[in-house]
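Engineer: If you scroll down you'll find the structure; I have some questions about it.
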Amino acid sequence: MSQENMADVEMNTSDGETSPEKQETDEQMDVTEEPELDNFAKADAKKQEGNREYIQKKYEAAVKLYTEAIELAPTVVTYYGNRSAAYMMIGNYDKALEDAQTAIKTDENFMKGYFRTAKCHLVMGSIGNAINYLQKVLEKDPKNKDAQDDLRTATRAQDYEASAFKAHDEEDYRKVIYYLNHILESCPACALYKVMRAEAYCLMGKYSDALRDVQNILIDDSLNSDALYVKGLCLYYQDYVDKAFQHFSQVLRRDPDHKKARLALKKAKHLQSKKDEGNEAFTRGKYQLAYDTYTEALTIDPRNKSTNAKLCYNRALVCSKLNQTEKAIEDCSQAVELDSTYLKAYIKRARCYMETEKFEEAVRDFEKVCRMDRSREYRLLLEEAKMALKKSKRKDYYKILGIAKGATEDEIKKAYKKEALKHHPDRHSGATEEVKKSEELLFKEVNEAYSVLSDPKKKARYDSGQDLEDGMLMSDIDPRDIFQAFFGGHGGFGGFNFGGPGGGGFSSGGFPGGFQFTFG
């Protein structure tokens, strides 16, 4: 549709002018007719002043002058046409439409009135009416190129409108926005399309875009129920529950039949109620009830990602109380998937990873946390996780001996005896070369582990991770020396008679107290 310009404003001065013949006749008329003639002249002068203001883009001043012209000569069609054009330029399309329609009623052959009426309808989103008026122009002037071009524009907007509603029904909100963007190029003053686009943005989680559209509507119409509903929906999906309740309630006070607002309020209250129930159960230590309640709450509104992220996090806390660490990790993962900025969920998951000795994952999460918040507390947690990761990559001496990390000195000795005898090379002298090599390696690791854990200073450094920093290495230790020292100082391994692969027995006089061992 073409933009309003001076070509749309009647600039001629003929409306108030009279021909010489008319002047001659007027001179012979009664003097009582002179005021009417004077009004036409004054009206024409006002129109000329209005045109000058219009040219200088002083549209409100132009409206005032065209109005004065109409008051002086209410039957002159061009004054309504010009005032309609000025109203359009200041965005007052209702008034512009009223004047354009008045112009048509005054003169049904006033073509600009049809064009302007069609444009007002299109800009305000009444596409069908716009098409009807353009078709009337073409009925009067089938070859009118402007009417043909504008009709194509309006028809294309109508096609986009149908596609937008279809996509909305299919909940394909990306397409809804695509089609509405095109429609609003032709219908920029249509509140319905703006609200529809705002709702689509909201349902896609693009709340700032949704609120931008809503605010533009509320500037012109602060009580627009649909805009207030979408604003409430944005607040609800961002977990501003109380403010959302206020907006939904405000809509329903003005429009009790607003179905969407009523359903949204009902759903929001149900979700908040279940969340509160879960929190209460958790506080009272009824963890299974809390878990079940949070799980039920998560089914109420899958679109509410913000609230659902908090529900997942709360359920993760419950899982930890129930000693279900893997489930806690799963819930934290769901929480950060729903809300990638959820700091608490990353911290909780990282702690769970530490508990389950998934140190690489813990480091990754704590690094994410530190990028989000550089506080000293989180930096220390990251360093702790990195140290744990380093420890995990070295040999686990406790695991090699098959003991817990808090094992006593006696437990360490007993474990060493068991593992050293199990993997001693003499016991596997008749095995294949592959088995021999494997058992020799295990024997060496057992002695290495005992060398560290039996020495209080080395054990302390190992437990604290200092060995990773001071380079404590055990590769130069001869396992035979450790074995001989532990079992009584026999030269070589001659003091022991290990059976072959088929089993057998052996005795050792080198053990304090004369230990007797039998292998099955």
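Each Cβ is built from the backbone N, Cα and C atoms, and glycine gets one as well.
Because TrEMBL annotations are produced automatically, they should be read as predictions rather than curated entries.
According to TrEMBL:
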{"type": "COMPBIAS", "residues": "1-17", "note": "compositional bias 'Polar residues'"}
{"type": "REGION", "residues": "1-45", "note": "region 'Disordered'"}
{"type": "COMPBIAS", "residues": "26-37", "note": "compositional bias 'Acidic residues'"}
{"type": "REPEAT", "residues": "43-76", "note": "repeat 'TPR'"}
{"type": "REPEAT", "residues": "77-110", "note": "repeat 'TPR'"}
{"type": "REPEAT", "residues": "111-144", "note": "repeat 'TPR'"}
{"type": "REPEAT", "residues": "225-258", "note": "repeat 'TPR'"}
{"type": "REPEAT", "residues": "271-304", "note": "repeat 'TPR'"}
{"type": "REPEAT", "residues": "343-376", "note": "repeat 'TPR'"}
{"type": "DOMAIN", "residues": "396-466", "note": "domain 'J'"}
Engineer: So what's near the repeat 'TPR' (271-304) in sequence-distant terms, Cβ-Cβ under 8 Å and 6+ beyond its ends?
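Structural biologist: The answer is 203, 236-237, 239, 241, 310-312, 314-315, 317-319, 321-322.
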Engineer: Is the repeat 'TPR' (225-258) packed against any residues at least 6 beyond its ends, judged by a Cβ distance under 8 Å, and which are they?
Structural biologist: 191-192, 194-195, 198-199, 202, 205, 207, 210-211, 213-214, 217-218, 264-265, 268-269, 272, 303-307, 310
Engineer: Kindly report the helix/strand/coil residue split of the domain 'J' (396-466) according to DSSP, in that order.
Structural biologist: 54 helix, 0 strand, 17 coil
Engineer: Per DSSP, how many helix, strand and coil residues does the repeat 'TPR' (343-376) have?
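Structural biologist: Helix (H, G, I), strand (E, B), coil: 28 helix, 0 strand, 6 coil.
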